[in-house]
């Protein structure tokens, strides 16, 4: 059912595509190409000399136990963020869906966190959980629970997971709410008449019917946790304590900017690029096919 | 299987009252059809019985038990929705088995009952399909199947045939009736289609603006409509209504168009000159040569505005001298050739025996005094 627009000449369609192509070229293909190129070079920190080393950088990165540790950290971080933000988003959407009066207000308020910049969000959580100046941080210590995310790796991970998830909950909330609206009321009524109580109705009818939304969000949230959480981690823990919260994306920054290992950093970027390509491919494949029901 | 009783049911949505006190007694195994124009409250009434809405006032009793405050799940009813409302992510088997699984029936029992119901409906071969792989008629059957496997006390049908094409609708209509008779389950059927209402119901509830205008068998509704609304709603083409006044000491009506029509069935009580509405069905209007009208008839002349040939019959739309419309359904042979620019006048007879007399104010049926 796609309609083809008819253009008189060849110039106009290309001219219309040009701005988008230019943006993609300058901000994606060029840096991506540079990363690919640098990933096979060994450069001195000042960029004065470069040596072509084939895949040595990749071999080094992949055999580095620190990198593998970072991969595990990322897996834990991404899984936690995805699970937490998805379930919180779903819970809030289900609650907001029940509300009739003031529904618009709830919706607007729940969407706000998405408009907050990652670093600002992180500072907000910092003010809550800082062991000396944070409201909750102080309260925890006062209650006899030793809390200092600057020393305790587990606590640091919990905090960045919390902050990163909080940012993403709004997004999930919106999509889940739209998904809930798309379920015909009569199907739920039929289930009610069939004898299903609300909780059962949710797990046997609502949740399965949300599966297209859930799957889409699963991929989006994984991509978010992998690639868009640099700001939160940087502002809260800087990858520490030790390497407890050093995810792959954070390590690219540390190795490239702090350690000035340009080749190694580029090789890591290329690996991350491969991961995001794989995730996107999975998403397109399944969203297009609508395998869900 | 059970009786159903509605006692003084009122329902308001905010400040708007949509049901103004409905009373109804349904016998065990009876099929009641609620018919009316859209917005008359028939679907709301059904949803109240289902428990999907809560009445503002009144009681609902199923099998003598007050269920007004119970959840839909606790009422032991089954409902067939207009859009079928099948679970899109479950197979046909899953759809039909859902309610039984919730009741915790053993697997073998569930499989047996689903298979039985599916065979009864001719969908036994489709049990592994998903709803989206089915045609409209098949989905309709699955929805029916989901209702009957539960062996509920009450079937509720919410315009289940309105999404089907005309041919399938006639077929499913007959099938629903057969099935309901065979299973003997008390049923409420909501429709806006008068043909469905007439053919399906043991009794009809004709709804008008939140009230039950008449509760009676289809033939009673057709032959003795309780008021002008019911008279105009049931029957196609719709009944003619002519303004008249009560004259001759209550034994006849004088049409606004002129002729006097004596009442064939007796005198009506009321002051001389009281306003009346006379109803006559188009199929009861007869063709006549001018001046041929008998004693119990009135002769009128209409200017024909439109003729709709239906084959063996023709529906004529004409206008009386005083401007009122009159529709007649005549055998094609009795209709003179029409055509050309010239206006055709036609003499028609209104037999007194086919007359329905209503009060002009209020529209209630005015029966003869005994």
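Glycine residues also receive a Cβ, built from the backbone N, Cα and C atoms like all the rest.
What TrEMBL says about a protein is an automatic prediction, not a curated fact.
According to TrEMBL, the domain 'ABC transmembrane type-1' annotation covers A:71-283.
TrEMBL lists A:12-32 (among others) with the feature transmembrane segment.
Residues or ranges marked as transmembrane segment by TrEMBL: A:75-94 (among others).
For A:106-128 (among others), the entry in TrEMBL reads transmembrane segment.
Marked as transmembrane segment by TrEMBL: A:173-193 (among others).
Long-range Cβ contacts of the transmembrane segment (A:205-227) within its own chain (Cβ-Cβ under 8 Å, at least 6 residues beyond either end) map to 74, 77-78, 81-82, 85-86, 89-90, 94, 164, 168, 171-172, 175-176, 178-180, 183, 187-188, 191, 196, 247-249, 272, 275-276, 279-280, 282-283, 286-287, 290, 292-293. Sequence annotations record features per position, and here TrEMBL assigns transmembrane segment to A:205-227 (among others).
Here the transmembrane segment (A:266-287) has long-range neighbours at 32, 34-39, 41, 57-58, 60-61, 67, 212, 215-216, 219-220, 222-223, 226-227, 248-249, 251-252, 255-256, meaning same-chain residues at least 6 beyond its ends whose C-beta is under 8 angstroms from one of its own. Residues or ranges marked as transmembrane segment in TrEMBL: A:266-287 (among others).
Taking every recorded stretch in A:12-32, A:75-94, A:106-128 and counting its Cβ pairs under 8 Å to the transmembrane segment (A:173-193), the highest total belongs to A:75-94.
Outside the transmembrane segment (A:12-32), and at least 6 residues removed from its termini, the chain residues within Cβ reach (under 8 Å) are 273.
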